[in-house]
Structure formats: C-alpha cells, structure tokens
Amino acid sequence: MSKYRNLFCSALVFGFISSGTAIAQVQNQTQTTLPHVAVLATGGTIAGTGASETQTTGYKSGVLTADVLLKSVPSLGKVARVSGEQVSNVGSENITNEILLKLAKRVNTLLAQPDIAGVVITHGTDTLEETAYFLNLVVKSDKPVVVTGSMRPSTAISADGPSNILQAVTVAASPTARGRGVLIVLNDRIGSARYTTKTNANTLDTFKSSDDGFIGTLIDQVPHFETAVAKLQTTQTPFDVSKLDSLPEVDIVYGHQNDGGYMYDAAVAHGARGIVVAGVGAGSESLLTLPSIKKAVDKGVVVVRSSRTGSGYVPEDSAYIGLLGDNLNPQKARVLLMLALTVTNDPARVQEMFQQF
Ligand code: GLU
C-alpha cells in the first residue's frame, strides 16, 4: 500500500515539476506576446505617502516614482509588458500647461510606435479630468489612453492605487478600448474623459458621470463596454500640440450673489485671451458683471458661459453675454477654449467646437 502511495506521490511530484516547467514556458511565451503598455507617472495621491495606514489627509502626494508604483502591482505581468516613465511628480493642483504639453507630446510619440498597445497616465485626482479631457482633444491615435489615480495614498490601509493601476493597464491593453477616446478608470468604472468628473473631495467613488453615465465597468479584470461617446475626440479634432510650446491664457470666473465685475477686468488686464464664466444655474450672469463682460468681449476676449452646478446644458439667452459651453463643466470648458484659441479667434468657429467636442 505504502509502495503504491510512494509511486502515486512520485507521479504527482513529477507531474507537478513537468507541468511547472510547461507553465514557465507558457508564461515566457505569454510575456513576449502580451501587449506593451507604457505608464507615464505624473504624481498625485497614487504616488503619495502618509505617516500611518490611517492617514488619508495631509499626506505628501507625488513621492513614489513610476518604477515603485509598477512594482507594487505584481499581477501587471499577467496583463501586459509594462514600462514606466516619470513625466512629473507633483500634486495635480500643480499641473501646468507646460506639463500638459510635455505629457501630450510624449503620449503621441509613444502611440506612434507600432509596439505600443496603449498608454496609462497616473495622476492626482484633483485635476485628473482636465488632463484627461485635454488628451482627449489632442491625442492623435485610436489606441487606448487611460488616466487613473487614487483617493488613498500608497501607505493607507486598503490603498486603491494598486487596483486602479491594474485596471487601467488592463483597459489600455484591451483591443475593445480602441477608438473610444481617452478614458478615466478608477474604482471598477470606465468613464469617458468628456463626461467624467470628480464629485467628492474624499471618497473612493468620487468619479462620476452624472448625466451621461459610465461607458463601461471592469468585472474580474475584464472590461465591459456599454456606451459609445457621440462627441468628436482624438483623431477627429483639429488640435495639434506638436508645434505648441505654450497655451493661451484662459481664466475661469466663478459666479455668485453680489458678483462685481472686477474679476473679469483683472483677467483682461492680465492678458487673458479667453474667459469661462462659471455662471449660476444654466450659466446666468449677474447684471453687475455684464458691463465688465461686455468690455472683455469688445477687446476681443472670447467669453464662454458654463454652469457652476457641474452638470446640465447652457441654453441661448439674450440677457447674457458669451458663447455657450454646451454641457462642459467650467474646468473642461477652459481646456477646450485654450485649444480652440490655438486655431482660431473667430467666435462662430469656437462656438461650433463647443458643440462638436
Ligand atoms: N491634491 C492631490 C492631487 O491632486 C491629491 C489628490 C489626489 O491625488 O487624490 O494630486
């Protein structure tokens, strides 16, 4: 009996070793055939460290480098061949137009390489949607570009960074993500850069697409896409960052009760070429501000009305001054207006762009 048991055990051991070798071979083959995803790190909470596992505010963001971020997710090796690069290492409140342009140019260079399947950008969540929408307008490829971040620093208990990186790389490596514009992936959700926005300062489920919905979900690391985006994006826009070293100054002026006009005057005096009004309700402007807004328009500044409510459309209304920002929130309207002003000063053409993109 024991003889048979030994034989059985040896057979098991032999089987384990030989299948182990076979698994190693398959893994090696898979490694070389897996899609290549480039990860560009810019900083943010995802690269942040705190003093203890319970610290989720007041930590330092933008500390860990791209390599460290990627090493924290061993399962990436099953999904893609991943390479990491550091573009910046800052909290996203410190993302400048200069960083945006550097990032966009690098993304376009990488995507033009035949061996690159897709690109992931790790980013602070505070202005993540602005970078994502900027890229959505200037990336010249149908390959997937995915922006991700985290709400908890790397040192926190149940940090969401590693899972978000794995999900972002999974989507970027997926052929089903092609041609959908730039995507925002966090917390199991796949959103379009055009519609997704940060809605809560603290919680993990902060990114929402309140009116238009997410375009997909990740279940068991498999992306499921449901909705196509109707607005034009990436290869369908006229914006070309390859020759740009700077972007026109566009400011946002926030509407409120007893709003004076001097914030508009200050923006114009500072040299703004565009102003986005974060108007109350459906982009309404106070009577007290109209003389300053008119002065700005008379000087050739392009004014666009948007809504400070964060969702909904701005309708035509002869009581107010400015182009209509469609349903873009003020921060995304600013991104589009900056790019629009790189190709035209004609208000009619800018208005058309706000309907198209
Ligand atoms: N303010 C930091 C940033 O945007 C932290 C926010 C975050 O990454 O969640 O980078």
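All residue numbers here begin at 1 and follow the chain in the order shown.
Using N, Cα and C of the backbone, Cβ positions are placed for all residues, glycine too.
Keep in mind the model is a prediction, meaning the values are calculated, not measured.
According to TrEMBL, the features are:
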| type | residues | note |
| --- | --- | --- |
| ACT_SITE | Thr45 | active site |
| ACT_SITE | Thr125 | active site |
| DOMAIN | 36-225 | domain 'L-asparaginase N-terminal' |
| DOMAIN | 250-354 | domain 'Asparaginase/glutaminase C-terminal' |
| SIGNAL | 1-24 | signal peptide |
Between Thr45 (active site) and Thr125 (active site): CA-CA distance (Å): 7
Greatest C-beta neighbour count within 10 angstroms, which of the active-site residues Thr45, Thr125: Thr45
Helix, strand and coil counts within the domain 'Asparaginase/glutaminase C-terminal' (250-354) (DSSP): 37 helix, 21 strand, 47 coil
